[in-house]
C-alpha cells in the first residue's frame, strides 16, 4: 500500500491509504457511522461498486513539481474561516509533515457534520467546536496544540497499524525513504452545490472544481481525479470513498 507525504518541519509517520485504517482512525477520533472503501477505478462499472451514499473522497497521489504551478490555474480559490454549519467550507492548513492523511480525514469529517455523528467530548467534536471562527492558519495552530494532547499518538497508531495486512505493531520503525515519501493526501467534498478540493498544502487554500450534488459527488470527483491522472506519468494513485 502507498503511504502519504506532505511538507512541514515536524514529521509524523505516513499513513497507509487503506479503508480499514481510515475507518478505524475516524472512529478513534470520535466519528460514528462513517466507513471507508476502496475505489478500484474510474469507470462507471467500478464506481457502481462503491457503497452509497458517498460523503467524501480521499485521494493519495504523487507530488510532482508542476503541481504548485498548475494549482494557480485550477478552479476558483476560496479560503474560509467559517465552519461547515455556517454554510462555508471547513478548511485547515497543513503545517506538520506527513500529516496530510489526518488533514484529509478532518476535512472529510468536518464538512459532513450534517451527515455523520460526533461523540460528545471526542477529539473531532472538540476540534470542530473550537475552530469556529478561526482562519485556516489558526486552525492549523490549534491542531498543533491538540497534537500534543493525543492527536499525534492517534495518527501514529493508525500509521503503524497496517490493518489490511495484519502485520503492524506499536513502535514499528519505518525507513527514511518511507518517511520522506512524495505521496500526498487530499480530500474532495460537496458543499453548497459545488465540488471542492481540500489540500492543506495548497497555497491558494480551497479549490472549487465546479457544480456538484451530494448524489453525484463520486462521479464528479472521478472526473477531477481522471484529469489529474492524465497529466501524470505515475501509476501511484489510490482512492478511498467515505460513506455514511
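Glycine residues also receive a Cβ, built from the backbone N, Cα and C atoms like all the rest.
As given in TrEMBL:
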- 100: active site, nucleophile (ACT_SITE)
- 184: active site, proton donor (ACT_SITE)
- 11-244: domain 'UCH catalytic' (DOMAIN)
- 94: site 'Transition state stabilizer' (SITE)
- 199: site 'Important for enzyme activity' (SITE)
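All features noted in TrEMBL, drawn onto the structure.
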| residue | record | DSSP (3 states) |
| --- | --- | --- |
| 94 | site 'Transition state stabilizer' | coil |
| 100 | active site, nucleophile | helix |
| 184 | active site, proton donor | strand |
| 199 | site 'Important for enzyme activity' | coil |
Q) Given residue 94 (site 'Transition state stabilizer') and residue 100 (active site, nucleophile), what distance in Å do their CA atoms have, once rounded to a whole number? A) 7
**Q.** Alpha-carbon spacing, residue 100 (active site, nucleophile) to residue 184 (active site, proton donor), which is rounded to whole Å
**A.** 6
(Q) Between the Cα atoms of residue 199 (site 'Important for enzyme activity') and residue 184 (active site, proton donor), what distance do you get, rounded to the nearest Å? (A) 9
**Q.** Cβ neighbour count within 10 Å of residue 94 (site 'Transition state stabilizer')
**A.** 23
Q.
At a 10 A cut-off on CB-CB distances, which of the recorded positions 100, 184, 199 has the highest count?
A. 100
Q: Summarise the model confidence on the domain 'UCH catalytic' (11-244) as a single mean pLDDT, whole number.
A: 87
